[in-house]
Each structure stands twice: as structure tokens, then as C-alpha cells.
Amino acid sequence: MDVILTKVIRVDPLNPDLNKIKVCCEAAHRGAIFVFPTETVYGLGAYAFDEEAVKRIFIAKGRPIDNPLIVHIANARQLEEVVDEIPETLNKLLRSVWPSPLTVILRKRPSVPRVVTAGLETVAVRMPAHPVALKLIECVGPVAAPSANISGRPSPTTSHHVLIDMYGRVDIILDAGDTFFGVESTIVDLTSTPPKLLRPGPIPVEKLREILGTEIEVPPVARGLCESGRALAPGMKYRHYAPQTKLIVAECQNYQRIDLCAEQLAEIIGRQYVDKGMKVVVIASKETKHIYESRGIKTLVIGSRNNLYEIAKNLFTVLREVDRLGVDLAVAEGFEEYGIGLAIMNRLRKASGYNIIRI
């Protein structure tokens, strides 16, 4: 692809200058593609009804065309532009939970370009909880956007990540510093009965059950145990989130005794890799890093097991850091699959290419 002269605009994440937002908005109406912050990760956006601009997103990312995009909205009127008629009870429910890191799958309007939905009759839609994103989308209209990274790589949670991946590939970058959650939105399919979790995220499945007042199906693809034959939403097909370094995920049978798991893992790493001359780093929790370091194994600390949201926020930064270290192998500790822990394990399993050992 041709190199683009990218304009970087720094904006206050809480109180954005509307004149700066207007620059991006007007460019979007002329067919520009742009990077913008959300509360989850940075997005790579285009006006959702500009089919040619949306096609540029796929080129900039190197994204397969059969991988659908999320349409980001800022108000109820924009929801009506994107989705087919929905029951008033569901409409009220969405208004009560949005803006938030929740994406829902609904029937699309015929006017939504097929390139946005990968030819599906459904559309993924959400209202982001970020002042910059909301002001921008209010001005542009519905925005189709995946994460703003090269396809298959870890998602960008800082402006530095965005500059590395997208400078020279997009027209505008809105730089608002670090994102809040650090993993992509929760996606639930509301066209199925019962509703089906397609991608775990910051809103846990336990909370979704409370919000929707019904059971939520959690298929293996949502746990990151396999790929989907056809992607109904982002993150279901193809390898995602991956560092260039080989990654193994070490899952513990009993996380209540993570110390014992770490001891066994350190022994395995030493015997099978370090003793054979390989350079290895362990993506470890604060609670276990000393176990590896006492055996001379390098660690990258991802956070405390007492705060899984901290671990989620650091996840993609740590996966990118692995490549900077120049090691032969990275081994990531696993985490319990409750709350946002399910999202963490989904990302780790996919990042490893399902290269998993169980201890």
C-alpha cells in the first residue's frame, strides 16, 4: 500500500477540543480513515456508510475481508440508522447499559454496506464510553472500526502502539493517551436464543446474565479454545493478539495453589528450554515472579492476581514488550476464568495459537 501523510492530533481524553474533533470529522466525510481512542483499545475508523472508506480499513490493517467490523454509535438515533426494528424493551435495556464496553449483535438495516458486516445480515454495534469517541461519532455519524493494529498483532492500548502500527497507513490519529480497560469490548449475540457470548471483555458474562435477565451461552470459541468457521463478530476467526515471538500458555488445574503450579512450570522451563540454551521469558503475576527469578528465569510482570482488571489493562503492552526482549520463547501464566479473567484467557489462548500446556 502507498504511504500516507498521517496527521497526529493530540486531544484531552476527558475534555476534548471540539475544533480538533471537527478536523477529523470533516476529513471522515471526505473519505478519510482515522484512529480514535475508546475506553477499551484504540479503533481504526471510517464513516460506516462510506463503502470505499471502509474498504481502506481492511487494506491499512491487512485484515481479511470476511472478518466483520463493529459499528460505533453515539446516540439512539444512530442506532436506528444501523439496526432493523428492535423491541422497545430491548431498546430501553440498551439505553440503560450504554455507553459501555458492550457490543451487541442485531439484525442490520439493508443500508449498512455489506463490507462492514462481511456479508452477514447482522451487525455488531456498540456505544463507547469515551468522551473523545462520543464527540467524534456524534459529528461523523456511525463509525465502523476494528482495533487500530496490524491484523493478528496485539491490540493498541497506547498512542505509542498506534504510531508503531498505523503511522503512514491512516489519514489522522487522535492521540488521547492510554485506554482504560486494555481489552476489547464484550460481544453478545442477541439474535440467538438464548443470547450467546461471542467474545468476552470488560463486562463479564456473570454481569450480562444480570443485565439481560437470562442465561448466556458460552461456546468454546468465546473461551478462546478454537476458531469459528464463520466469523459473526471480530475476534472469532484467525489468529489475533499475537507477538512475533513463540508463545505458550501454561494453565493451572488449581489456581488456589498457583505457587505449586509456578514451581512445576519453572522446573519444566528449565529442563526443556533453558538448559538447552534457549532464551525464555515468563509473563508472570506479582505473586509468582520470585519463583522463576530464583531459578534464573527472566520475567515480565503483568500485574497482581488480586486485580484481574490490572492484568487485562497490561496484557497487550506486555505481549508487545515480549518482542522487544529478543527471546526465543515466552510462557504466559494462566488465570482463573471468572469475571474479566475469561477475557484474559480468551486473548492469551488466541495469541498463542492455542499452544497450551496444563499443569
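Including glycine, each Cβ sits where the backbone N, Cα and C put it.
Quick caveat, the model's predicted, so the values are computed rather than measured.
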Select one of Thr6, Thr40, Thr245, Thr288: the residue that TrEMBL places in the L-threonine site alongside His72, Thr122, Arg126, Ala145, Ser185.
Thr40
Got a sec? Which of these binding-site residues, Thr40, Asn67, has the most Cβ atoms within 10 Å?
Thr40
Largest inter-residue Cα distance among Thr40, His72, Thr122, Arg126, Ala145, Ser185 [record-listed L-threonine binders, Å]:
23
Among the ATP-binding set Arg63, Asn67, Ser147, Ser155, Arg199, Tyr241, as the record gives it, the longest Cα-Cα distance in Å:
18
For His72 (L-threonine binding site), write down the residues of its own chain that are at least 6 apart in sequence and whose Cβ falls under 8 Å from its Cβ; none is a fine answer.
Thr38, Gly43, Gly45, Val125, Arg126, Met127, Pro128, Ala133, Ile137, Pro142, Val143, Ala144, Ala145
Rounded inter-Cα distance in Å - Thr40 (L-threonine binding site), Ser147 (ATP binding site):
9
CB contacts for Arg126 (L-threonine binding site) [other CB atoms within 10 A, all chains]:
24
Using only C-alpha positions, which one of Arg63, Arg199, Tyr241 is spatially nearest Thr122 (L-threonine binding site)? These are the binding-site residues in the record.
Arg199
